[in-house]
Number of protein chains: 2
Amino acid sequence: MATINTNYQKLASGYLFPEIARRTSLWQKAHPGVPVLRLGIGNTTEALPEAVCEAMKEKIDSLSDRTTYTGYGDEQGDTYLREALVAYYQRYGVELQSTEFFVSDGAKSDAANIQDLFGEHNIVAIQDPAYPVYVDSNVVGGRTGLFNKEKGCYDGFVYLASTEENGFIPEPPKQKVDLLYLCSPNNPTGAVATYDQLKAFVDYARENKSVIIFDSAYSEYITEDGYPRSIYEVEGAKECAIEINSFSKFSGFTGVRLGWTIVPKALRCEDAQAGVLNAMWNRRQCTFFNGASNIAQKGGFAALSGAGYEQSRALVAYYLENARIIREGLSKVGLTVYGGVNSPYIWARTPNGMESWDFFDLLLDSCHVVVTPGGGFGPAGKNFVRVSSYGHREQVIKAMQMIEENLKI
Amino acid sequence: MATINTNYQKLASGYLFPEIARRTSLWQKAHPGVPVLRLGIGNTTEALPEAVCEAMKEKIDSLSDRTTYTGYGDEQGDTYLREALVAYYQRYGVELQSTEFFVSDGAKSDAANIQDLFGEHNIVAIQDPAYPVYVDSNVVGGRTGLFNKEKGCYDGFVYLASTEENGFIPEPPKQKVDLLYLCSPNNPTGAVATYDQLKAFVDYARENKSVIIFDSAYSEYITEDGYPRSIYEVEGAKECAIEINSFSKFSGFTGVRLGWTIVPKALRCEDAQAGVLNAMWNRRQCTFFNGASNIAQKGGFAALSGAGYEQSRALVAYYLENARIIREGLSKVGLTVYGGVNSPYIWARTPNGMESWDFFDLLLDSCHVVVTPGGGFGPAGKNFVRVSSYGHREQVIKAMQMIEENLKI
């Protein structure tokens, strides 16, 4: 008599983005022909860099010829790509070995799967609000109690509130926790942690033998000086941090799928000496994964240097200009906004203390603009919405016009 | 103080294929310049079908244009591909809904991850020998005791011995088990289950509310009549079976990465009514996965009909001809061989009761041929090796010549 993993039953509700899609689709059915302006999901919209496309087409040509065809690659990723990633980090003064990199099909998979390296009884801290995958994967992994509807929290999790008061970068927890998820530049708040702020977490983790899972998927959006692009810019981080990153937001790989995770050999925890967690993740990837698409890997390689890098940087600049337009547009109608300078996301306070899903509905209904309700990212997001700069310029401008003309607050 | 998932420590040894790679690489270093003939890993070697390449290049062209660019797709796979898969199964008289299909980055990931739907205390039965992923993923999932070195088995697992006596298709277990992994055509034995043999398992599963995880990654290699290509050809299977398949061995997607899993809405178990497991896998994929590469999906679509289908069928025919050559070559030197008719794998008994890793070393050393030691697939494989038909024809012929000339048994 097979029985299910009952942790799934603890999951509070549908995953945030499918729920947005559901509400949007319902609205569209009720308003046929009315165009919807999507600033919700962080989904890239501009063309893939030319150099990336060329590299991928060349790979397909080589696969179409039996003398150059290749089948399974290494589960950890192709050596040339891992070495290119080493060089990519050297730009920021970070020295890593290629065997500390694990290429994957994207940051989401890795962010969800990484918890499986750790025991069920680890106490997990997350920034609140946070990317739902950190939370949901640990619910399924059995590291929480039930969802407390009143508080909007899972029992057993430690929520580090990211608020206007702390500039959306909380301090390390007062109590002992075992796993700490950090994201900078942050999704959803758009806040970016300084060296000193990250150092406080690294010091905390070293002192408590905790492990930081650092999501740097938006590192290429940092435009101002003084903000680390990698947690390994902080001294001692290799002992206590795993870093996850992706080609999605840098080079438009959201649909192509490619990311990487760094598990340093120096990483250790209470019952694992240096080297053990690197070997465990290697084993995990060799057992549960069969390598990222070889076509995508060639594309990723092209994005890391030369013309591909410049074209990817231009893509980021395009979205950042969108972010500026959104920041200014929302400010103009009187909303209080954060982020959008070192991040593609603008975090906007809802007017008059409105609940975020209500403001979502209002924006959709009155302005035909889809945003992401902050409440979907955690209780501290309940009076905010995330506005994404991913979209065609003309859509972004139109959305701001619609909001300026139609939003009554 | 973070602590690790100690189930990883139970894993008996390195994953089989990395161990083969390690031994082969050591041998090559000791014998520089001597070519090695690889019939080990089931890794495709012939060119990707032309129609598949064209479709993928077209997709890249559409991604290089902002008016046709797409980002994230549905985690479950693109609708057009799920619908094409529905039509693909209709060829075998199997009616499924597109929402019962979940497109993924390959059968390996799904075969490893599927266990996460089930509770830790489920008793797991596997065919012995079996693809190591079924075993290792359940070890990590906590469904076994320690590895018993003497028996070559994990405590807590139920091993269904596939032997010469039962034609390598065991009967359902005598005791109650909760999860049953079946693979037909079988990796590694090359045996294929008849309708009646599968029906016995389906009846067992329905009676015991067990769930069958059916790996049909080699279904396209069935050349003889009377063998189901899908477990859903068996009446009642939708109530009790999940099916996993892949484009890897049909269309050469080993490196491109694309597969699918079917979780029927009728599937139920002890504490889950019809619909629940389908919804759980949907939730799992939406949380832990972000969709297969959109380029690969276009390639997969092309492989399912028209020229792409014919070209994929020709690829399969090529490998099956290799299989015939291997069967005959190994028989000629006096080895007892199985499989290779409805399967790309030949399962060869080692001479004189030799242990399979010893025979691996002998073949490598004396014939420069790499095969897969049967012992790596479970204790019942300890006097067999798996010979793979994936390889260039000229390599396969050369390997058989080397064996004929140099193998002393």
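Every residue gets a Cβ built from N, Cα and C, even glycine.
Among the candidates A:Tyr88, A:Tyr89, A:Tyr131, A:Tyr309, the one that TrEMBL lists alongside A:Tyr72, A:Ala107, A:Lys108, A:Asn187, A:Tyr218, A:Ser246, A:Phe247, A:Ser248, A:Arg257, A:Asn290 as binding pyridoxal 5'-phosphate is A:Tyr131.
In sequence order, A:Lys249 are the recorded positions from A:Tyr72, A:Ser246, A:Lys249 with a C-alpha within 10 Å of the C-alpha of A:Gly42 (substrate binding site).
If you measure from the Cα atom of A:Asn187 (substrate binding site) to that of A:Lys249 (N6-(pyridoxal phosphate)lysine), you get 12 Å. Taking 8 Å as the upper bound (exclusive) on CB-CB distance to chain B, the recorded positions A:Tyr72, A:Lys108, A:Asn187, A:Ser246, A:Lys249, A:Asn290 give A:Tyr72, A:Lys108, A:Asn290 in sequence order. Spatially, by CA atoms, the binding-site residues A:Tyr72, A:Lys108, A:Tyr131, A:Asn290, A:Arg386 include one closest to A:Lys249 (N6-(pyridoxal phosphate)lysine), and that is A:Lys108. Between the listed binding-site residues, namely A:Tyr72, A:Tyr131, the fewest other CB atoms within 10 angstroms of a CB are found at A:Tyr72. DSSP assigns A:Lys108 (substrate binding site) to a helix.
Around A:Ser246 (pyridoxal 5'-phosphate binding site), the same-chain residues at least 6 positions away in sequence with a Cβ under 8 Å from its Cβ are A:Gly106, A:Ala107, A:Ala217, A:Phe253, A:Leu258, A:Gly259, A:Trp260. Residue pair A:Tyr131 (substrate binding site) / A:Tyr72 (pyridoxal 5'-phosphate binding site) shows a Cα separation of 32 Å. For the pair formed by A:Lys108 (substrate binding site) and A:Ser248 (pyridoxal 5'-phosphate binding site), distance between Cα atoms is given as 10 Å, rounded to the nearest Å.
Within the same chain, residues at least 6 positions away in sequence whose Cβ sits under 8 Å from that of A:Ser248 (pyridoxal 5'-phosphate binding site) are A:Thr44, A:Gly106, A:Ala107, A:Ala217, A:Thr254, A:Leu258, A:Gly259.
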